[in-house]
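Let me begin by presenting the structure, written as structure tokens, before commenting on it.
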Amino acid sequence: MKQELIDFLCKKSVNFSDEPSFKLVSGRLSRFYVNCKPTILHPRGMYLVGHLVMEAVKEAKLDGIGGLTFGADPVAMAAAFASELMGCPIKAFSIRKEPKDHGIIKWVEGDMQEGERVAVVDDVVTTGGSTIKAIERARSQGLEVAKAVILVDRQEGGLENVAKLVPDASAIVTRAELLEAWNKLKK
């Protein structure tokens with residue numbers, strides 16, 4: 001299943017360039033760019049992501065799974081759907097980029113209660129900034145962040161930064177795995 005996801009990502013979501021031409025959130029230019037949305041929002045990609053994320057969190061005894069909108073949303077929803085299919089339902093939630101300014105003011109959207117155990121997910125990690133923001137906001141709403149799962153680790157220190165806040169942090173796929181598959185596909 002993991003190799004199928006890697007191949008799917010290479011076909012739908014990964015771009016490489018000889019020169020640094022892809023602007024990252026940090027503002028830095030990179031030769032490697034991955035936009036996971038075309039993969040995750042495809043029915044087969046959603047199935048693969050959901051099941052692989054659930055495999056990564058199955059021992060954590062979670063109540064919820066979510067992260068910062070929009071990158072984490074399809075990952076969390078795929079995992080929540082897969083959790084129901086697997087007979088161990090876990091609720092999805094989304095963390096706003098800006099707090100809701102009307103009604104009940106809050107960062108977290110979804111059926112989550114203070115004290116519940118959650119995993120924070122993200123589609124891609126470079127520096128870890130977005131994932132760390134999600135962890136901090138989830139904790140500020142009283143959620144216990146027990147695990148962090150990243151779909152693609154660019155292997156630029158972000159996963160290690162996340163692990164400083166959530167020691168149980170892991171990635172489903174690494175940049176090295178994508179590069180290896182990309183090179184095989186291009187031969």
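Each position is counted from 1, following the chain as shown.
Quick reminder: no glycine exception, Cβ is built from N, Cα and C everywhere.
Long-range Cβ proximity for SER130 (5-phospho-alpha-D-ribose 1-diphosphate binding site), meaning a same-chain Cβ under 8 A and a gap of 6 or more residues, is found for VAL25, GLY67, LEU68, GLY71, ASP122. The feature 5-phospho-alpha-D-ribose 1-diphosphate binding site is assigned by Swiss-Prot to ARG96, LYS97, LYS100, HIS102, ASP122, ASP123, VAL124, VAL125, THR126, THR127, GLY128, GLY129, SER130, with sequence analysis given as support.
Annotation for THR126 (5-phospho-alpha-D-ribose 1-diphosphate binding site): spatial neighbours LEU24, VAL25, SER26, ARG154, GLU156, GLY158, criterion Cβ-Cβ under 8 Å with sequence separation of six or more. Annotation comment: Swiss-Prot describes THR126, ARG154 as orotate binding site.
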All-chain count of other Cβ atoms within 10 Å of ASP122 (5-phospho-alpha-D-ribose 1-diphosphate binding site): 28
Relative to the Cβ position of VAL124 (5-phospho-alpha-D-ribose 1-diphosphate binding site), how many further Cβ atoms are located within 10 Å? 23
According to DSSP, collapsed to three classes, what secondary structure does SER130 (5-phospho-alpha-D-ribose 1-diphosphate binding site) have? helix
Hey, what's the widest CA-to-CA gap across ARG96, LYS97, LYS100, HIS102, ASP122, ASP123, VAL124, VAL125, THR126, THR127, GLY128, GLY129, SER130, the 5-phospho-alpha-D-ribose 1-diphosphate contacts in the record, in Å? 33
